[in-house]
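To start, the structure itself, in structure tokens.
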Amino acid sequence: MKQIQVDLGVRSYPIYIGQNLMSDGETLSRYLLKKRILIVTNETVAPLYLKQIQETMASFGEVESVILPDGEQFKDLAHLDTIFTALLQQNYGRDSVLVALGGGVIGDMTGFAAACYQRGIDFIQIPTTLLSQVDSSVGGKTAVNHPLGKNMIGAFYQPQIVLIDTLCLHTLPAREFAAGMAEVIKYGIMWDADFFQWLEDNVTALKTLDAQALVYAISRCCEIKADVVSQDETEQGVRALLNLGHTFGHAIEAEMGYGNWLHGEAVSAGTVLAAQTAKALGLIDESIVCRIIQLLQAFDLPVSAPESMDFDSFIQHMRRDKKVLGGQIRLVLPTAIGRADVFSQVTESTLEQVIRCA
């Protein structure tokens, strides 16, 4: 079992990565003893893992569950209220703990519910998708979507522990696994050139779910994110680099309707647009764009935006992006493999050229 620490002073917490961790009561015991436990999961994950985690936690306290519909389109205030209603109807107090058992949608909603309920109760992340294991479960970003924008209603709220059981990936649909790889590849582009090269060399091992390769890839992503979050918890500086591909990607998700494009698929296409923007600005050359595209394609990810999206569609959503400051769209762009920066002087004419030529 691999352990990584997210250093945030009194809000520090561990990430555990390994196999069969959902049956490891010893690791969870210190976070659950004498607490009432409410597990939040969805209709897809519940038949696979809910009974197992309930049995693991039953010796520590009273365990109940809430099962939500599965999909990004249900990450909204209405379904957040379902969690609040369960907590209130069953008289959960401040000594309770919420457990997020699922992917990024469940993790984001459960964390936001924990941040809000009685002004804050403990929560635990048990991510079951690759995307949530390498990205959304770490760092304390919690939110729900609004019809006008993704993750617009939320809070920074850190979990007590992140428990990553890599065996969950064996029940993950291939499309979901590929979507997670978009976030994995992002770390190589924006932070670690050696990791990017390792990914290029280990495509087959990862696609065949080689245990050693999975643990290494997930661990390296979590190490990078833990490092970044420890430096900049609330995204005032370096943490913004983790949004590589996301400004374009969030526009795709919002325009196409949440759930039609998976988050990772939109990030993949958005990462290519970011790379093409960087090339248009003279920050990188064509060879780097090609390496990025080839690696994304190796994992069966989309490398272009939907044909139905034009420049006006993109710019409307990008102007609402959370990184906008003083009315200026700010983009995270690669400056090399392994490096990225935030740029606020990208003109709309440059963006139009990139989007129209993509």
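Cβ coordinates come from backbone N, Cα and C, glycine included.
Lifted from Swiss-Prot, the feature list:
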- 70-75, 104-108, 128-129, LYS141, LYS150, 168-171: NAD(+) binding site (BINDING)
- GLU183, HIS246, HIS263: Zn(2+) binding site (BINDING)
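Rounded to a whole number, the C-alpha distance linking GLN73 (NAD(+) binding site) with HIS263 (Zn(2+) binding site) is 11 angstrom.
Counting Cβ atoms from all protein chains shown, CYS168 (NAD(+) binding site) has 24 others lying within 10 Å of its own Cβ. A separation of roughly 15 Å, to the nearest angstrom, links the Cα atoms of HIS246 (Zn(2+) binding site) and GLY104 (NAD(+) binding site). GLU183 (Zn(2+) binding site) is 18 Å away from CYS168 (NAD(+) binding site) when you measure Cα to Cα. Listed in chain order, the extra residues whose Cβ falls within 8 Å of the Cβ center of the Zn(2+) site residues GLU183, HIS246, HIS263 are LEU131, ASP135, ALA182, LYS186, GLY245, GLY249, GLY264, ALA266, VAL267, GLY270. GLY107 (NAD(+) binding site) sits 16 Å from GLU183 (Zn(2+) binding site), taking the Cα positions as reference.
Not a single one of the binding-site residues ASP70, THR129, THR171 has a C-alpha within 10 angstroms of the C-alpha of HIS263 (Zn(2+) binding site). Here THR171 (NAD(+) binding site) is positioned 19 angstrom away from GLU183 (Zn(2+) binding site), judged by their C-alpha atoms. Annotation note: ASP70 (NAD(+) binding site) sits in a coil segment as assigned by DSSP. Shown in sequence order, PRO127, THR129, LEU131, SER132, ASP135, SER136, SER137, HIS263 are the residues of the chain, 6+ apart in sequence, with a C-beta less than 8 angstroms from the C-beta of GLY104 (NAD(+) binding site).
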